[in-house]
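Take a look at the structure below.
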Amino acid sequence: MDTLLHPLTSSMAKRPCPSSAENPMLPSFFSQMDNLLLSFLSLSDSSPPVSLDLSFDRLLESAPSDADQSLLIDRAHNLGSLLLRAANRSARKRASLHNSIAWALPPDLTIKVFSMLDSQSLCYAAATCSMFNKCAMDPLCYANIDLTTVVPKVNNAVVSTMIQRAGKSFRSLKLGIVPGPTSSPGSCQPLVYSIRNSVDVSSFSWNDKKTRQGKESSILTRSCLYPLSGDNGAAGTLLRRLHLYNIERMDNASLCVALAACPSLLDLEIVGLHVELRQTLMSVSSNCHLIERLFFESSKTGRDDSLKSPTCVDLVNNCPNISYLSLRGFKLHDYKVRILVKGFRKLKYADFSTSYSISGTFLRNLGSGFGGNLLEVLILRDCMHLKEVEVARFLTAVLAGDFKFLRYLDISNREGLASEGDWYQRSYNSSIIPLKQVLEVRPNICLLAEFPSEGCYIDIDHMFDSDVNSEISLPSQLSSHTSDGSLLMSSSESSYNSDQGSGNEEYQVSGFVIYEESSDEVDFLVV
């Protein structure tokens, strides 16, 4: 016992590892060390701790000076730390060996499974054991990076680290704040989120609530996409899918720089970003010629009137492969929508929900000839100026045999359809729309036509008196319900209703990051 604590020769500080032939004294030295350690570890657990204390006290008393006593105490601390680290290292090695034997899957299949996990689950798996950590570091596991969260938890450094780990396997990036588990991209439910006005934190844990206190915006900034254009755009060149949700600090310049670095992009989804529709589509048209899916939801419903006809024409000519087009919440005019729908010869999915100025005239003769005849899904939900007569004409064309591939149609409107003469006059149960006839002739079509009860339409004059520029809404002001359960927009939610015109006026050209373990700021731990 006492022998272990006596200072050893200075050669023990950093001993080399030569062969036994070079130094014949090494085998005997190692044997002595092994015997000492074995003797120490052979002590019975039932031995009273006081025996160690007494032994150490005797050693201190035998030391000739105070400096020697201090040296002995330091030596005890160092040896104890070394022994603890050696035990932990050996335990990890044994656990890793056990896991590699007990784990049924070989490393390549384990990597394949890990590549199917979302990024946060992948980080959790990597933290369990060294074998999983090694598999989780494979670039294939980061080919499809999903850093979407319900509350802000991810910063720019995490994005950069994930992209670096992906390397040449990088294919997909999902980033930002998604309102909740009930919302899914592509659904009719709005995905626009603002920390200021629309998050119910009653179900969040205390840590989630604490991280939100005093924060008015996402941790992500406009530079979060810079890794795509860095290193001569190496990462952006590989990217096929880019989904961005409610990154409040993102601006047009940063987004356009990112899109310019993604010439192979096939799928672009933008929700709740404070970027202009025209500039974004111009950037897509100029840089993303292979794009097939475009989903864009405005952060301010009905206020973005930036899109021009030349931009629509350029998009149609430069991106002919688009088969999925969703422009939700923009102030679109019928002639612009017609350019898009008729121009994309491969278009199968079209969603213009909550588009303020659409009256439905773009639907006329849409199913004849090229463009529009391949439509399988058409969503015109809650288009304020959508007229019942145009819907009736469209469904009559369906009965006549047009739109043979159509299988899903949504013309629901929580404020009713607009009448032909005056959009103030709303239609809640139109008799001229042949809904039953369409369902009988085309039973394969899923037709949604949900309208509120008559007389439940929000008072127009009261709506116009509201402050349309207000971005802060109280929960009690967000919605009202009709007698049949249909949801009506309140004055604060449907602020775009203040424009009394139909909107179809005559066209005029116009590195790695270090995180503190005690911090609950970021859940995506870099392991």
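Including glycine, each Cβ sits where the backbone N, Cα and C put it.
All annotation found in TrEMBL is predicted automatically rather than curated by experts.
TrEMBL has this to say about the protein:
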COMPBIAS  479-502  compositional bias 'Low complexity'
DOMAIN    103-147  domain 'F-box'
REGION    475-503  region 'Disordered'
Quiz prompt | Tertiary contacts of the domain 'F-box' (103-147), as residues 6+ beyond its ends and Cβ separation under 8 Å | solution = 92, 95-96, 154, 158-159, 162-163, 165-176, 241, 523-527
Self-check item: Mean of the pLDDT scores, which run from 0 to 100, over the domain 'F-box' (103-147)
Solution: 89
Quiz item: Taking DSSP states H, G and I as helix and E and B as strand, how many residues of the domain 'F-box' (103-147) are helix, strand and coil?
Solution: 27 helix, 4 strand, 14 coil
